[in-house]
Amino acid sequence: MQKSEAHKDLRVLRTRKLIQQAFIDLTVEKGFAALTIQDITERAMINRSTFYRHYLDKYDLLDQLLNELDALLDNRNTPDEPGPLRLLQHIEQFADFYRVMLGPQGDPSFVERFRQNTERHFRALFAQARAASNEPPLDLKIASIAYAGVGATIWWLEQQQPCSPEQLATWMSQISSAIAGPELKPRSSKER
């Protein structure tokens, strides 16, 4: 890559970071519904055309932020730092933003996508699992675990993070295991 291309890439990254930070700050201040492109561009100190070079609208910006969030839950878990822990650490870093987005002033599609991504993570984790014939269906268990995970995250934010991300991840794992039951075991990390 030539020097001018590298410089351009850095400018693009810097601009996107400014836009994203303005979006996060303003969402906390005003709520997602009240947020306008003009608010974002003024806070980021860019003009509207610059914003539209990067994003279609505030929903596209939110969608791209969610894509980054998805990557934190991907099955690239390591024994030292599993996906849910990385996600909770990220949520803790931007707690005010997530408190708004997962709360009454947030966007319902954000909550739904967060739940879907959590469910997708658990589907991958339990891909080889089968529920016993006398047990609730696997789909029901996975959906219940996903809803419990989202609910636990919302509780944690509403309570102003009364415990560390590590502790919450441990509790969420215990809750998930209780819902899953003894017959439902995740794939081992060797299988992933």
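A Cβ is built for glycine as well, from the same backbone N, Cα and C atoms used for every other residue.
Annotation source TrEMBL lists DNA-binding region at 36-55. Tertiary neighbourhood of the DNA-binding region (36-55): same-chain residues 12, 15-16, 18-19, 21-23, 25-26, 30, 61, 64, selected by CB-CB distance under 8 Å and a gap of 6+ residues from either end.
The feature domain 'HTH tetR-type' is assigned by TrEMBL to 13-73. Break the domain 'HTH tetR-type' (13-73) down by DSSP state and the numbers are 49 helix, 0 strand, 12 coil.
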